[in-house]
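Feature list (source: Swiss-Prot):
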- LEU20, ALA21, GLY22, LYS33, ASP88, ASP117: GTP binding site (BINDING)
- ASP117: Mg(2+) binding site (BINDING)
Amino acid sequence: MSGKTELKPGRTKSRSAIVLAGGRGRRMGMVEKALLEFEGKTILERLLENLFRVVDEVILSVRDIPQKEKLLPVLEKFPDREIRFCFDSREDAGPLEGIRAGLLESRSEYSFVCAGDMPFVNSEIVDLLFEKANGHDAALPRWEEDRMYEPLHAVYSRKMLLEIEKTFEGERNSVLTPVFAMKDVVFVEVSEIRGIDPELRTFANINTVEDIESMIGSVVGKVEL
């Protein structure tokens, strides 16, 4: 699906986003979490609206053609935007395979990566991460007190592809393994991010209906499974 976004052939200085939507939603009865609807919009629609404030294209990483077909009706609401799909080629490799497939599909040097069940991704924070990553290998949020990270809410350069291949060759699939193998990663402290998003809703993901209720209040009767 393409639109007004003008991207030259090959790699450009544009910004891409990779949305990892291939999860099976086991904790929600195998539903497509990206299609959960509350307050009149699906999670995917909310996510795309936020991302397109700061990126030129979005790549949806999905598991197969049937899942792609389920998501297509949402994409029809974005006729003038560049949205493409990519598919895993390795089975049971987790989100790292989705990132690999997305980076291969991306037309940009830098891509923001997030999960498909994150309805409140903050475009200002995505913009901040792109600015921090510029000229480096990646920009990764870090919880400074306990040294934990947000690898599925980060900006990565194409340099990560080589490290991902090395990770798979070593029979590992942790997202942080190739991140730490890169030499020039910028860590963005959560305290700085909190200055933009005090409640840190940008990191929130949906695993259960209760998660939605806790984030936006009672939505009983509004959630369509």
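We number each residue from 1, going along the chain as drawn.
For all residues, glycine too, the Cβ spot is worked out from N, Cα and C.
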What are the sequence-distant neighbours of LEU20 (GTP binding site), meaning same chain, six or more residues apart, C-beta distance under 8 angstroms?
SER61, PRO95, GLY98, ILE99, GLY102, VAL113, CYS114, ALA115, GLY116, LEU152
Can you check which residue among the binding-site residues ASP88, ASP117 has the largest number of Cβ atoms within 10 Å of its own?
ASP117
Among the binding-site residues GLY22, LYS33, which residue has its Cβ surrounded by the fewest other Cβ atoms within 10 Å?
GLY22
Determine, from DSSP, whether ASP88 (GTP binding site) sits in helix, strand or coil.
coil
With every protein chain in view, how many other Cβ atoms are within 10 Å of the Cβ of ALA21 (GTP binding site)?
26
